[in-house]
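Colleague: Marked as compositional bias 'Basic and acidic residues' by TrEMBL: 15-24. Marked as domain 'Amino acid transporter transmembrane' by TrEMBL: 27-447. Summarising the annotation, TrEMBL assigns region 'Disordered' to 1-24. Feature annotation from TrEMBL assigns transmembrane segment to 34-54, 60-84, 182-205, 276-298, 318-344, 365-385, 391-410, 422-444.
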Amino acid sequence: MSGEAMDIDMQTHSGHGEVDDDGREKRTGTVWTAAAHIITAVIGSGVLSLAWAMAQLGWVAGPVILLLFAAITYYTCCLLSDCYRVGDPATGKRNYTYTEAVESYLGGGYVFFCGVCQYANMFGTGIGYTITASASAASILKSNCFHWHGHEADCSQNTSAYIVAFGVVQVIFSQLPNFHELWWLSVIAAVMSFSYATIAVGLALGQTISGPTGKTTLYGTQVGVDVADATQKTWLTFQALGNIAFAYSYTIILIEIQDTLRSPPAENKTMRQASILGVATTTAFYLMCGCLGYSAFGNSAPGNILAGFYEPYWLVDFANVCIVLHLVGGFQVFLQPLFAAVEAGAADRWPSSRQGHGGVNVFRLVWRTLFVGLITLGAVLLPFFNSILGILGSVAFWPLTVFFPVEMYIRQREIPRFSGTWLALQTLSFFCFIITIAAGAASVQGVRDSLKTYVPFQTRS
């Protein structure tokens, strides 16, 4: 997920149509609209790192792990879809958000833990989006420089300036008062994400066919050739798992998607069908991007696949423009729920914070500006694309994609402790927890290694 996952909430809850019995907008969604929402939510900036992840894993483990993450994501989404209603799956009380479902089934400390995971993921994704957008903006000038001055020229760009510029743009957009005013940003973000992902696949296919191509192996990067030692190989392998996990995370908005489906038939049945269509389509696209990217660049595949292409420069420029536009919108769509939650809490505690002065809400202006500024500072200090994606993937994968769906399903079905089903579900959860810990630790190690040679405000790409 990516953060583009939050695009859906806007498209499905804005507008003014008929209302159903509980006063909410009438639900008309089908299996096809839900599948389209899933595909739109999943395919995004995470796809850019898949060629690099494949290079760490090789032809054997790479595709297998992509398929494994797809299978786990689909299975846990099926568990979560059964928790959309409390009690009877057709007539029980509806949960409108992921957090509401956690509160209905688990309550207490689980709700707090869920909130911490969600908001940490939102904050981290803001940093990740800022890094990615700034690198893509710098790549536009870089590819033009190579085209006009040759590939031997020094065309490196200082990305810190682009990070600050992206932050300034986000400060302006962040002053939009509510989520429903962002529908047009969401539409642009969805179109842009498909555009650059498709261009990346096309460029990788073209280079694979025409050459030159890099050296590929069954087991990915080789010790003593591509990486210094076995320890570095291990860290990079686990970091690659985090990058793949980031590319697949969309469970956090599954309940919101399911809340758009008409009933009958029961929403959980429709959602299962939509999930298999969405995950299968996304996985096929990911396999193409990862495998073709690895085939084109081999074990030296760049962290961002588009960073490896410079010709045709106009097409590479267009793809990078698409990334920037997508992330300008995605940043806001993803962080607006956090803005809303903080401001609602502040209004409860200090009612005067709702009031404006001269048409300007001072609290919103100051707090949102400071928050975006903090994200921008974090991106300037930690401009490490793959390591940040690995951390984000590990933060979101186990708790939000596996742990909560498993625990809610166990509570809903009243599965006895230590029964066969309970043990199987807990084994899955523990396995994914180990993956999360390994990917998170490796990504943090990646940041530490990068910091050894990093000079603040002078990062060049």
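Placed from the backbone N, Cα and C atoms, the Cβ positions cover glycine too.
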Colleague: Quick check for me: are there 3+ Cβ pairs below 8 Å between the transmembrane segment (318-344) and the transmembrane segment (391-410), leaving out pairs under 6 residues apart?
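Modeller: Contact between the transmembrane segment (391-410) and the transmembrane segment (318-344): absent, because fewer than 3 Cβ pairs are under 8 Å.
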Colleague: Please figure out which one of 60-84, 182-205, 365-385, 391-410 racks up the most CB pairs under 8 Å against the transmembrane segment (34-54).
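Modeller: Answer, by Cβ pair count: 182-205.
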Colleague: Taking contact to mean three or more C-beta pairs under 8 angstroms, with sequence separation of 6 or more, is the transmembrane segment (276-298) in contact with the transmembrane segment (391-410)?
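Modeller: Touching, no - the transmembrane segment (276-298) and the transmembrane segment (391-410) miss the threshold of 3 or more Cβ pairs under 8 Å.
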Colleague: Please give the sequence-distant neighbours of the transmembrane segment (365-385): residues at least 6 beyond its ends with Cβ less than 8 Å from one of its Cβ atoms.
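Modeller: Same-chain contacts beyond the flanks: 49, 123, 126-127, 130-132, 134-135, 159-160, 163-164, 166-167, 170-171, 174-175, 303-304, 335, 339, 342-343, 346, 446-447, 450, 456-457, 459.
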Colleague: Go through the chain and flag residues at least 6 beyond the ends of the transmembrane segment (182-205) whose CB is under 8 A from any CB in it; none is fine as an answer.
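Modeller: For the transmembrane segment (182-205), the sequence-distant neighbours (Cβ-Cβ under 8 Å, at least 6 residues beyond its ends) are 4, 7, 10-11, 14, 40, 43-45, 47-48, 51, 173, 176, 285, 288-289, 292-293, 295-296, 305-306, 309, 315-316, 318-320, 322-323, 325-330, 332-333, 336.
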